[in-house]
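The annotation disulfide bond is assigned in TrEMBL to 31-226, 73-83, 88-94, 142-214, 147-197, 155-165, 169-178, 179-184. Annotation source TrEMBL lists signal peptide at 1-21.
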């Protein structure tokens, strides 16, 4: 086989793998305002106007991964600046986690029993309504979930901050809220979040009702900011397809 033929075969295999492999994430902004999407350790960051989407691929084995939205940001041409909520060290392309409050989509791919584990978390507080889940739902707990309540508007005064509703651990600290020194249970403040977003993590040991799973290798995912029916949007549904020339590979 010639060198040219070998290169061509490799290119075609790579194209097919990256275009059709599972682990593709679509992040869509349905809010009536700009959201600066962030994703780590895969993705980085992207400015999304209303109606725009961003796609990236996360390889099998990716874990401790987060996707979130940042609001009221201002970046210069070099990608340096600041966000009111979700800021990740003053850069557009995030390398670390965002500063609370920020609504989180969390995932780990191809883990125990060849499953993907994923959730929505408000442990770090709340800034933007969010939905998250598989684009091709499966059995059991493999279905989209959302957190769309008016948490910012109803936020307790002790947690209220510009642009969002902060979390009690950041606000008050201590084992009761942070759960860093052994078992802990829900509090009145975590129940505030849980009552409004029953599928979301509301405190660090809220696993039984908040962890969702899908089969690895066959599942792609979508995160939507201000999903249809949330208090932050006024749009109607419309179909979106993944254009192959916008798919980013880590």
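Placed from the backbone N, Cα and C atoms, the Cβ positions cover glycine too.
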Alpha-carbon distance [residue 31 (disulfide bond); residue 83 (disulfide bond)] in Å = 17
Pairwise Cα distance for residue 165 (disulfide bond)/residue 147 (disulfide bond) [Å, integer] = 13
Between the disulfide-bonded residues 31, 184, 226, the one whose Cβ has the fewest other Cβ atoms within 10 Å is 184
Using all protein chains shown, find which of the disulfide-bonded residues 73, 147, 179 scores highest when you count other CB atoms within 10 A of its CB.
-> 147
How big is the gap, in Å, between the Cα of residue 142 (disulfide bond) and that of residue 197 (disulfide bond), rounded to a whole number?
-> 18
To the nearest whole angstrom, what is the C-alpha distance linking residue 94 (disulfide bond) and residue 169 (disulfide bond)?
-> 23
Enumerate same-chain residues with a sequence separation of six or more from residue 169 (disulfide bond) and a Cβ-Cβ distance below 8 A; give 'none' if the list is empty.
-> 123, 177, 178, 179
